[in-house]
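Colleague: Pulled from TrEMBL, these are the listed features:
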- A:23-42: transmembrane segment (TRANSMEM)
- A:48-70: transmembrane segment (TRANSMEM)
- A:82-101: transmembrane segment (TRANSMEM)
- A:107-132: transmembrane segment (TRANSMEM)
- A:144-166: transmembrane segment (TRANSMEM)
- A:193-212: transmembrane segment (TRANSMEM)
- A:241-263: transmembrane segment (TRANSMEM)
- A:275-303: transmembrane segment (TRANSMEM)
- A:310-330: transmembrane segment (TRANSMEM)
């Protein structure tokens, strides 16, 4: 090849462009600092920040699957909320059956019960996700309006099924003994359960990101989000990949449902729909198809809800919409949109 | 020369538009066949129909005796068909290495083949670990062609590789394609740049209005200015 092409080097972009590219990663620390300035009390700020991070991590768990499902196949799945609710109810059934474990003063038994509940919820919602994809989503590929209608319908049916199986009432879901209460460190109240939520959410984020970057399956998913047609032209069946991602995303929604149920200590059939609003905000803020963007978006939503809840409770109700408006005015395609142009 | 790909009376509809209106085309094994014609003649649609990205609504479409019409795109690719689309289809968020890794379907790249590709496209070696989105247009085109070359293919479909590239880079591409031709790979290439077509083509087919209106040897077309003018019109001069 001629010198002209081999020597054509990639110039390092100007500083302003590099800063612009890095900016989304600084939004979370930025919001935290802004919160500290406005709250002006370190221990209150610490308590709220931890609560915000915990809430953000839980939303991330539920939103991560949805963003990949959209990115990979352009499917708008409002039925995602159903998996959150059903996961919570299946998990609650397991936890309420294991009162011997949840009531014991043993962290190992408590965590064991939560783990069992999570596994049961993930199996149930993963299997249901597979069924949902085959029966409800498959016939409406490529038709957004139909997807919205049909998956909304699926969500309503799922809510009614919950009423049928578990009754019409909300179910109180107490946290296991050792996960109740909180530690106080230097005036900062650290709720034990929130620590679990942060650890679990961070572990899932790291695991997801690792498998997307370092495994062949992850490589295929990232390529598929960017240009599914080309992935098919290279000989891979994107549809099968999508079913897999859909099932995994549904299972994560189920996991999120259990964790959110324990977070609120009460579960209802409508909880999925209520959380779905937050989940969609997070997916849109993050940039459709981006797991990293989704993570940042979830933390922003969690922090924003807690800070405004303290500073201006009346504003708190609309704070996430406000956040979305500000971010979309700044970056109309979200913080870190995946390749699709 | 044995024929590898045969299209007989292929029709393709995209929505309400009737794009291919009975394409007859034979691609002989081990040759580079040029598909020429003005914009909108149906060249890209022909390649996409062969790849199964648009469905042929009528006609026969066979690769060495295998009927391609019922097959989905991934299955056609698995028969050993490489595709270099007009927009290059490079995964911008993936590194050059990851782009190549995906193209090697069994998961491992053949070292000697990779060295061969590096010798043709040194830029790919240089930017191996960088996101492909950072590459220049010419480098993306090289990556896209390299993806089709990383494994031995029975047939490579290439859609207008010279589009939007500087003349020096087109020269480099011509050199690389000559090298690829030495491996006796069968290639069907869409081109608007007559210089490139003339330099590389063994056979040629010219399309107009969704049909092949001329098929023959490239050398004959290159030697006959009157035929060129009749088939390709004024667009020819503009591209030289």
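Using the three backbone atoms N, Cα and C, a Cβ is placed for every residue, glycine included.
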Colleague: Which residues of the same chain, at least 6 past either end of the transmembrane segment (A:48-70), have a Cβ under 8 Å from a Cβ in it?
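Modeller: Same-chain contacts beyond the flanks: 32, 35, 39, 76-77, 80, 84, 188, 190-191, 193-195, 197-198, 200-202, 204-205, 208, 221, 225, 242, 245-246, 248-253, 255-257, 259-260, 263, 275, 278-280, 282-283, 286, 288-291, 293-295, 297-307, 309-310.
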Colleague: In the same chain, which residue numbers or ranges, 6 or more beyond the ends of the transmembrane segment (A:82-101), come under 8 angstroms Cβ to Cβ?
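Modeller: 62, 109-110, 112-114, 116-118, 120-122, 124-125, 128-129, 132, 154-155, 157-159, 162, 165-166, 171, 173, 176, 250, 253-258, 260-262, 267-273, 275-276, 279.
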Colleague: Hey, does the transmembrane segment (A:310-330) touch the transmembrane segment (A:107-132), meaning at least 3 C-beta pairs closer than 8 angstroms, sequence gap 6 or more?
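Modeller: Contact between the transmembrane segment (A:310-330) and the transmembrane segment (A:107-132): absent, because fewer than 3 Cβ pairs are under 8 Å.
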Colleague: Mind pulling out the one from A:193-212, A:241-263, A:310-330 with the most Cβ pairs under 8 angstroms to the transmembrane segment (A:23-42)?
Modeller: A:310-330
Colleague: Using Cβ atoms and a strict cutoff of less than 8 Å, what residues sit near the transmembrane segment (A:193-212) while being 6 or more residues removed from its termini?
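Modeller: The answer is 50-51, 53-58, 60-61, 64, 114, 175, 179-180, 218, 221-222, 252, 255, 259, 262-263, 291-292, 295.
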